[in-house]
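Undergrad: Encoded as structure tokens, here's the structure I'll be asking about.
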Amino acid sequence: MKKNYRFSTALSQFSADSFRQGKSLRFPSPAKLNLFLYINGKRADGYHELQTLFQFLDYGDWLEISARADGEIHLTPQLPGVKEEDNLIYRAAHILQQNTGCTLGADIRLDKILPMGGGVGGGSSNAATVLVALNYLWKTRLSLSELADLGVKLGADVPIFIHGNAAFAEGVGEKLTDCEPPEKWFVVLKPETSISTALVFTHPDLPRNTPKRPLTRLLTEEYGNDCEKVVRNCYPEVEETLTWLLKYAPSRLTGTGACVFAEFDNEKSAQAVFDMKPASVSGFVAKGCNRSPLHQWLDKIS
């Protein structure tokens with residue numbers, strides 16, 4: 001079956017066989033945006049205290065997964081420059097095996113569309129989808145909370161994808177409160193550069209003392225990203241792309257970048273701006289969604 005990277009289209013066409021790809025089952029791995037990101041302090045262990053609002057996008061990768069009896073994990077295709085044992089997909093499968101004693105293995109095929117290192121959660125989303133999907137296929141019966149405890153060992157953003165709802169995150173990202181921000185349309189652009197998260201979080205100009213505010217107040221104020229100024233100053237490609245996008249709509253950085261996004265009230269307006277984008281940047285148009293497409297998909301097949 002032809003894959004559609006807008007999951008709502010696949011969901012609307014759902015049938016008993018629509019999630020099958022041969023012997024494999026297909027699972028969505030959606031993108032996310034940080035609608036705002038504020039850094040409230042730095043802890044003694046080096047981690048930063050933050051407040052951020054996560055929302056999923058109706059767009060992302062697909063993972064085709066089937067169980068195998070020999071306990072081996074086979075992943076295709078291999079990501080360029082990433083050793084198999086360092087790949088988050090491979091590590092997610094192994095951590096579930098190790099923590100449940102499951103003797104089954106898996107064949108996993110990644111259909112990758114999300115940019116790597118873009119701040120839209122591609123790797124974290126892939127890891128979360130593998131944990132949730134294999135928990136279903138292997139019948140290991142861990143709760144979402146137990147899966148999230150495994151996921152955080154793989155990356156700070158993995159639990160939000162396992163959690164499955166748009167959420168306000170505090171602390172180092174581990175304290176989650178369900179939230180329902182407006183589900184707007186977004187133009188997401190990826191400048192031709194890669195961001196060093198370590199550079200951003202160690203930069204002397206990074207704000208580290210933004211006062212904590214209650215969610216009710218944050219939702220009514222203009223959204224911002226404390227990492228944006230540093231990234232714009234250090235990466236001219238991001239500065240150029242964001243400056244262009246700001247001519248058309250409220251726009252900002254997601255996470256530490258490199259992706260930037262603009263929000264619109266409807267698809268037509270978003271698509272019109274996207275169609276004018278500079279040729280040097282890639283990107284996509286997608287709608288925000290407060291319920292993860294992965295969990296919507298699981299609701300259908302369960």
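Each residue's number is its place along the chain shown, starting with 1.
The backbone N, Cα and C atoms fix where each Cβ goes, and this holds for glycine too.
Small disclaimer: the values here were computed from a predicted structure and weren't measured.
As listed in Swiss-Prot for this protein:
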type: ACT_SITE; residues: Lys32; note: active site
type: BINDING; residues: Pro115, Met116, Gly117, Gly118, Gly119, Val120, Gly121, Gly122, Gly123, Ser124, Ser125; note: ATP binding site
type: ACT_SITE; residues: Asp157; note: active site
Undergrad: Let's check the environment of Asp157 (active site): how many other CB atoms sit within 10 Å of its CB?
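TA: That number is 23.
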Undergrad: When DSSP states are folded down to helix, strand and coil, where does Lys32 (active site) land?
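TA: DSSP assigns Lys32 (active site) to strand.
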Undergrad: Work through the binding-site residues one by one (Pro115, Gly119, Gly121, Gly123, Ser125) and point out the residue whose CB has the fewest other CB atoms within 10 angstroms.
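TA: Selected from the binding-site residues Pro115, Gly119, Gly121, Gly123, Ser125 on minimum Cβ neighbours within 10 Å: Pro115.
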Undergrad: How many whole Å apart are the CA atoms of Gly121 (ATP binding site) and Lys32 (active site)?
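TA: Pair distance, Cα basis, whole Å: 6 Å.
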Undergrad: I need the neighbours of the ATP site defined by Pro115, Met116, Gly117, Gly118, Gly119, Val120, Gly121, Gly122, Gly123, Ser124, Ser125. Which other residues of that chain put their C-beta within 8 angstroms of the C-beta centroid, in sequence order?
TA: Ala31, Leu114, Cys259
Undergrad: Hey, how far is Gly119 (ATP binding site) from Asp157 (active site), Cα to Cα, in Å?
TA: 10
Undergrad: Enter the number of other CB atoms within 10 angstroms of the CB of Lys32 (active site).
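TA: So the number of other Cβ atoms within 10 Å of Lys32 (active site) is 26.
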